[in-house]
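Engineer: Sharing the feature lines straight out of TrEMBL:
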- 73-351: domain 'G-protein coupled receptors family 1 profile' (DOMAIN)
- 56-81: transmembrane segment (TRANSMEM)
- 93-119: transmembrane segment (TRANSMEM)
- 131-158: transmembrane segment (TRANSMEM)
- 179-197: transmembrane segment (TRANSMEM)
- 233-251: transmembrane segment (TRANSMEM)
- 293-313: transmembrane segment (TRANSMEM)
- 328-350: transmembrane segment (TRANSMEM)
Amino acid sequence: MELTSASVIRNDTSTAAITILSSSSASSSIPDVMKEVPTLEPSCYVIHTKHLAERLWLVTILGSTLSTISIVENAFLFLIFITSKQHRRSHSLYLLLLALTDIFISLTYILIMSVKILYQYNEWVFMKKIWMAYVVPMMTMSHVAITASSFLIVFATVERFCITVSSHYVEFLQNNRCYIALMAVIIGVVTKGTLILELKPVHDLSCIGTLNEYRLEITALVIHNEHYKLFRFWFRNIVTILFPFFTLMFLNARIVNELRKSFLAKKQQNVESTHGTNAKEQKARIRAATRTLMLVVCTYLLANMLNVIITIWEHTDATSLFSSFLDFYIFSVDAVSLLTIVACALRLPIYASCQPALRAEMIHFAKGFCKRPRHASDGRNEVPLIDHNGTFNETSLNE
């Protein structure tokens, strides 16, 4: 039973779901070429073609375009953060690692999802052979990166929340950022690293020269181990999807609430000393923080809400999902993966629109990067735009 493109990206697809999809012949066709090679079984020529043209536009064309944009944007962000000592030692360390994981996630989307639809649409046997050689380890690493990125966002938000409420844990969190970031990677490896044990490529010698010569199958570990099924659905989904989602919603709401209370308290205490300009600056900072946090929540919501719904549906009523709502399922699983890429591509616009200091640094870095070949020796003496306290250094723009 070959895995569909849905189960390739969505690692928690149930055994029943895979069986139902694999046995479905309503969306399959048998080419006339089978008449030329009567020695092969008719099943070797069965190709799933349902909505393949639409998915080619959605996944291969639109998805690859967004992935390329995401790779370029996050590579730019990564260079900004990695070349600045202040960024590496500040809370921007999380953004640095997040940019790195976003690059990898976007790249693997092209190599896994886009390539799969492309070889299915064109019936390229040689491309499927290449795809089968790397899909299992690359899919595993992709899911590790997705989970790690979720917890990088969570840990960065926890630190920001502690700073906002003046918690005594701030110093601990700031002094141990590297270890906390490493913990995010470890969580990704523990929860998703076992994916490499759940799938196996199978070479069918009875279908030589056809797309069905190679296929992915789920292993006995998934089919026969009831305890592992519990791990896949309950532990993995709760830890990697539900926990980050609701934690971010809670922390972001608390941060916004604390910022508003802080602003009101300062406004009441400094009615006489606070001038219009200062009040506007305070309001601007509150609006910037609110926009940033709410946009983070929205992107995470869009990328994960549908995933949660589909996952629960698969494990509670897979029969109805694949009989009455098959078309919805096919496009939903593509949308889940695509929304993850959209979230990656939105990082730079969110940072630039909500953080004026970082936006100015982006512009300054882009100009400096274009001039770097002529002034490569001046790079070490440049004054950073943002100091270790996160304060914007305007003098560096006037040099």
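Just so you know, glycine gets a Cβ as well, placed from its N, Cα and C.
Quick caveat, the model's predicted, so the values are computed rather than measured.
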Engineer: Considering every residue in the domain 'G-protein coupled receptors family 1 profile' (73-351), what is the mean pLDDT value?
Structural biologist: 85
Engineer: Looking at the stretches 56-81, 131-158, 328-350, which one shares the most CB pairs under 8 Å with the transmembrane segment (233-251)?
Structural biologist: 131-158
Engineer: Taking 3+ C-beta pairs under 8 angstroms (sequence gap of 6 or more) as contact, is the transmembrane segment (293-313) in contact with the transmembrane segment (131-158)?
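Structural biologist: In contact, yes.
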Engineer: Does the chain bring the transmembrane segment (56-81) near the transmembrane segment (131-158), so that three or more CB pairs sit under 8 Å (pairs 6 or more apart in sequence)?
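Structural biologist: Taking Cβ pairs at least 6 residues apart, the transmembrane segment (131-158) and the transmembrane segment (56-81) are not in contact, as fewer than 3 fall under 8 Å.
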Engineer: Using a Cβ cut-off under 8 Å, which residues of the same chain at least 6 positions beyond either end of the transmembrane segment (328-350) come close to it?
Structural biologist: 5-6, 9-10, 50-51, 54-55, 58-59, 62-63, 66-67, 69-70, 73-74, 76-77, 95, 98-99, 102, 105-106, 109, 113, 146, 292, 295-296, 299-300, 302-303, 306-307, 310, 321-322, 362
